[in-house]
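Working notes, structure below.
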Amino acid sequence: MTEYIKTDAEWMQFAYEQAALAAAQGEIPVGAIIVSNNQIIGQGFNSPISLNDPTAHAEIVAIREACQAIQNYRLPDDAVLYVTLEPCTMCVGALVHSRISRVVFGTTEPKAGSLISARKLFETGYYNHVFEFESGCLQAQCAGQLSDFFRMRREQKRQLKLQERQMNAQNQA
């Protein structure tokens, strides 16, 4: 019996679910999984606020978990990262050092994306390890998740300002 191999979109759905966990904790909703031999060996979501750790991006958390699982700082030759948002410079560096073979991301990050958006790090030719990457997997779903999160955050800030103004008006009356 042949083993079913999941598609990129099916794997990305797992990363999307990780991102939802981040959003539920008030973190920017970015989720990541690492797959090797058709199994998830690492997963994570953005958690720098809750962990008081600026390096706790979804990709880094997933890399740490995968490396612990395999007891090696280098990932297997077939390891693929699925992440809902284009990796930043720090995360690309960690992916290079971990020797990931491929990265699939959902949506671009115009301000900090370091593969095809703000910086195109692999165009420099400085890296001793380069991985394949693809963008746009579940793009609308991943971009929508981020947009919804930031829309809700802006609305919460508006509500707080309105409450502050109302309290100030009551105190002055």
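Backbone N, Cα and C define each Cβ position, glycine as well.
TrEMBL does not curate its annotations; it predicts them automatically.
Taken straight from TrEMBL:
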| type | residues | note |
| --- | --- | --- |
| ACT_SITE | E59 | active site, proton donor |
| BINDING | H57, C88, C91 | Zn(2+) binding site |
| DOMAIN | 6-118 | domain 'CMP/dCMP-type deaminase' |
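Across the binding-site residues listed here (C88, C91), the residue whose Cβ sits among the most other Cβ atoms within 10 Å is C91. The DSSP breakdown of the domain 'CMP/dCMP-type deaminase' (6-118), given as helix, strand and coil counts, is 44 helix, 25 strand, 44 coil.
The number of other Cβ atoms within 10 Å of the Cβ belonging to H57 (Zn(2+) binding site), over all protein chains shown, comes to 25.
Just so you know, the Cβ of the residue listed as 'active site, proton donor' picks up 28 other Cβ atoms within 10 Å once every protein chain is counted. The distance from the Cα of E59 (active site, proton donor) to the Cα of C88 (Zn(2+) binding site) comes to 10 Å.
The Zn(2+) site, placed at the center of the C-beta atoms of H57, C88, C91, has further neighbours from the same chain whose C-beta lies within 8 angstroms: A58, E59, I60, P87, T89, M90, V92, A94, A112.
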